[in-house]
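Enquirer: Pulled the feature table from Swiss-Prot, pasting it below:
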BINDING   C559, C568  [4Fe-4S] cluster binding site
BINDING   H654  chlorophyll a B1 binding site
BINDING   M662, Y670  chlorophyll a B3 binding site
BINDING   W671  phylloquinone binding site
TRANSMEM  46-69  transmembrane segment
TRANSMEM  135-158  transmembrane segment
TRANSMEM  175-199  transmembrane segment
TRANSMEM  273-291  transmembrane segment
TRANSMEM  330-353  transmembrane segment
TRANSMEM  369-395  transmembrane segment
TRANSMEM  417-439  transmembrane segment
TRANSMEM  517-535  transmembrane segment
TRANSMEM  575-596  transmembrane segment
TRANSMEM  643-665  transmembrane segment
TRANSMEM  707-727  transmembrane segment
Amino acid sequence: MASRFPKFSQGLAQDPTTRRIWFGIATAHDFESHDDITEERLYHKIFASHFGQLAIIFLWTSGNLFHVAWQGNFEAWVRDPLHVRPIAHAIWDPHFGQPAIEAFTRGGAPGPVNIAYSGVYQWWYTIGLRTNEDLYAGALFLLFLSVIFLIAGRLHLQPKWRPSVSWFKNAESRLNHHLSGLFGVSSLAWTGHLVHVAIPESRGVHVRWDNFLDELPHPQGLEPFFTGQWNLYAQNPDSSSHLFGTSQGAGTAILTLLGGFHPQTQSLWLTDMAHHHLAIAFVFSIAGHMYRTNFGIGHSMEDILEAHVPPGGLLGRGHKGLYNTINNSLHFQLGLALASLGVITSLVAQHMYSLPAYAFIAQDFTTQAALYTHHQYIAGFIMTGAFAHGAIFLIRDYNPEQNKDNVLARMLEHKEAIISHLSWVSLLLGFHTLGLYVHNDVMLAFGTPEKQILIEPIFAQWIQSAHGKTLYGFDILLSSTSGPAFDAGKSIWLPGWLNAINDNNNSLFSTIGPGDFLVHHAIALGLHTTTLILVKGALDARGSRLMPDKKDFGYSFPCDGPGRGGTCDISAWDAFYLAVFWMLNTIGWVTFYWHWKHITLWQGNVAQFNESSTYLMGWSRDYLWLNSSQLINGYNPFGMNSLSVWAWMFLFGHLVWATGFMFLISWRGYWQELIETLAWAHERTPLANLVRWRDKPVALSIVQARLVGLAHFSVGYIFTYAAFLIASTSGKFG
């Protein structure tokens with residue numbers, strides 16, 4: 001019996017039903033709930049799994065490099081980045097007939113291939129890779145790293161190599177090493193790579209290990225550094241006529257503050273980026289020496305937190321008790337990390353298109369759309385996860401005695417005020433935004449478009465103007481041509497910024513109007529409602545007015561029937577589950593908005609977005625319906641085309657999404673009855689009844705079925721939009 005799955009739970013291993021399998025999978029990573037877990041073993045397992053995670057990441061990136069080198073067209077693309085379509089990898093499919101082979105043979109390939117919409121070609125090109133040999137070398141190096149990390153993970157589970165629990169709880173040392181080592185040193189190393197390899201390569205100078213020590217990155221070498229004449233490194237930058245990858249129009253500067261974009265590649269200046277990373281390295285290297293470790297110098301984090309008490313004591317005891325609460329709760333730490341990472345991932349989405357860092361990526365429209373959408377969805381999942389682990393912290397790790405009257409306790413004490421404020425904000429945003437949209441729809445339907453309510457986003461336009469956008473005529477700060485900031489901007493700092501912000505062909509501070517105002521508030525509704533559900537789920541995780549004793553029921557309890565006044569949908573897990581639907585909904589609006597605004601910008605018909613985005617029928621007809629025509633046309637009487645695979649994925653995505661409802665809208669009794677019937681029929685059918693199973697089949701629990709439904713809903717939703725996005729964009733722009 002002991003050898004049955006799951007080994008970590010004897011209780012589950014002895015369960016006679018199929019619950020053993022599903023609960024086993026569900027709790028496999030909930031180390032805290034395992035039979036023989038100790039605090040030390042918990043930390044060791046998590047530590048080892050981090051090495052495994054990194055090994056998988058290195059293996060994955062190695063695979064990208066390897067497949068492009070083997071089956072891609074990187075060298076051909078490097079010769080003509082704007083006209084050669086980058087190949088991700090070859091497709092081998094025995095079902096392909098001649099029409100399919102012809103449809104998918106692209107980019108100068110000998111057979112069917114997938115086009116890369118990930119931006120890796122532009123990335124590798126920008127950082128100085130030029131040949132397939134470079135890609136193979138990178139792939140082998142990352143494969144080697146992957147193996148090293150797998151060995152390291154295994155090694156740190158051995159008795160001699162296991163760190164102690166006190167090592168894991170040494171917050172000051174960890175923070176110092178992460179700030180100086182992870183951010184500081186790696187940023188410095190990246191500056192070095194940009195200065196020694198990428199910038200010379202962009203100027204036609206090929207630097208590799210054989211000539212690395214002979215080619216000076218700057219004509220004067222290190223002399224300006226040691227003599228304090230650092231401004232020499234910024235003199236003679238690349239000219240506006242510079243051809244990327246050649247010496248034509250190239251300068252000698254390595255650390256600049258030009259601002260704006262390289263005219264040919266439409267990406268940030270490499271020398272600006274090197275300068276940026278050097279500054280980051282400097283700041284973080286200093287930051288990593290702030291906290292007290294071996295030598296008794298520097299700050300104690302506990303002292304800092306204990307000192308954070310509001311003046312007069314009227315707002316409680318501030319941060320007292322927080323240090324030990326956070327340092328002893330892995331869920332709290334994970335919640336903080338996920339919240340930070342989620343926000344950063346969303347910022348990456350916003351900045352990758354508005355300030356493109358990679359050469360020629362701004363002209364690869366499908367890649368721009370794919371990367372924006374990808375990073376926003378990832379951000380959504382990570383951010384909801386932050387609240388999930390915040391709720392688990394409150395259930396498992398929060399000790400009221402340790403946190404009397406501090407910020408945590410006060411959050412819990414006035415949770416009703418927080419929740420009700422989020423509620424009225426959501427209601428206000430929702431009803432007003434929908435009201436405006438519906439009013440405009442009715443006006444269009446009755447043929448009086450001039451009676452629409454169209455509100456100019458004057459505050460947002462003012463902010464854009466303050467940053468230098470002159471279109472709106474606000475004449476303020478950087479857009480005021482007579483002001484000192486404007487004059488300084490032309491020479492002292494970022495002279496290219498003002499040109500970039502007033503160039504209507506890029507995505508930097510796009511021109512905005514009433515359609516943007518409305519969709520902004522629709523997105524604000526989605527964000528506030530998602531936040532409301534997540535915050536309420538976390539703050540009510542230990543107990544609520546209806547059910548004061550939730551703590552003992554744990555994180556994911558299901559309905560407890562009508563006897564307790566009905567406890568459906570009030571566990572912290574239920575709140576997370578509901579919030580994910582709202583998160584997907586919100587990111588749907590975000591990506592619809594971004595994509596529609598950009599395809600009209602790229603096609604040169606911004607009037608379509610401006611005129612049609614002010615009413616709901618405009619969104620349905622001129623964005624969704626109009627752009628799905630390529631997908632619906634994937635198969636037609638003339639055979640197939642290169643969009644057929646996306647047409648199929650569009651259909652398949654809808655199927656997966658719709659399957660989710662089968663789990664979401666039917667309850668346990670239905671499934672249990674169906675299973676009993678099928679099992680009965682199976683046992684009485686000749687031949688079929690030769691196959692028996694050990695576990696009695698039972699229906700999934702309510703919580704499990706909701707998870708399965710949510711997973712199908714999410715995956716189907718994203719699959720469907722991915723197919724729509726890639727097909728509609730690549731169908732227009734190739």
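From the backbone N, Cα and C atoms, a Cβ is placed for every residue, glycine too.
As the structure is a computational prediction, the values presented were derived from the model and not from experiment.
Mind running through what each feature is packed against?
Expert: Cβ neighbours of C568 ([4Fe-4S] cluster binding site) (same chain, under 8 Å, six or more residues apart in sequence): P558, C559, D574.
Cβ neighbours within 10 Å of H654 (chlorophyll a B1 binding site), excluding its own Cβ and spanning all shown chains: 15.
According to DSSP, Y670 (chlorophyll a B3 binding site) is assigned to a helical segment. The Cβ of Y670 (chlorophyll a B3 binding site) lies under 8 Å from no Cβ of any same-chain residue at least six residues away in sequence.
Neighbour count (other Cβ atoms within 10 Å of the Cβ, all protein chains): 17 for W671 (phylloquinone binding site).
Beyond the ends of the transmembrane segment (46-69), by six or more residues, the same chain brings 31, 87-89, 116, 118, 120-121, 124, 132, 135-136, 138-140, 142-143, 145-147, 149-150, 152-154, 156-157, 163, 168, 330 to within a C-beta distance below 8 angstroms of the stretch.
Sequence-distant neighbours of the transmembrane segment (135-158) (same chain, 6+ residues past either end, Cβ-Cβ under 8 Å): 44, 47-52, 54-56, 58-59, 61-63, 65-66, 68-69, 74, 124, 129.
Within the same chain, residues 126-128, 207, 212, 215, 217-218, 254-255, 270-271, 273-274, 277-278, 280-281, 284-285, 287-291, 293, 301 sit at least 6 positions outside the transmembrane segment (175-199) and bring their C-beta atoms closer than 8 Å to a C-beta of that stretch.
Non-local neighbours of the transmembrane segment (273-291) in the same chain are 171-173, 175-181, 183-185, 187-188, 190-191, 194-195, 198-199, 234, 254-257, 298-301, 357; each lies 6+ residues outside the stretch with a CB under 8 Å from one of its CB atoms.
Tertiary proximity for the transmembrane segment (330-353) is limited to same-chain residues at least six positions away from its ends with a CB under 8 Å from its CB atoms, namely 42, 46, 362, 368, 371-376, 378-380, 382-383, 385-387, 389-390, 392-393, 396-397, 507, 594, 598.
Residues 117-119, 329, 331-332, 334-336, 338-339, 341-343, 345-346, 348-349, 352-353, 412, 530, 534-535, 537-539, 541-542, 550-551, 554-555, 572-573, 575-576, 579-580, 583-584, 586-587, 590-591, 594-595, 598, 718, 721-722, 725-726, 729 of the same chain, all 6+ positions outside the transmembrane segment (369-395), place their C-beta atoms under 8 angstroms from a C-beta of that stretch.
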Enquirer: Could you tell me the C-alpha distance between M662 (chlorophyll a B3 binding site) and W671 (phylloquinone binding site) in angstrom, no decimals?
Expert: 10
Enquirer: Have a look around C559 ([4Fe-4S] cluster binding site) and count the other CB atoms within 10 A of its CB, chains all included.
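Expert: So the Cβ neighbour count for C559 ([4Fe-4S] cluster binding site) comes to 17.
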Enquirer: So how many other Cβ atoms are close to M662 (chlorophyll a B3 binding site), meaning within 10 Å of its Cβ?
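Expert: Total other Cβ atoms inside 10 Å, all chains included: 13.
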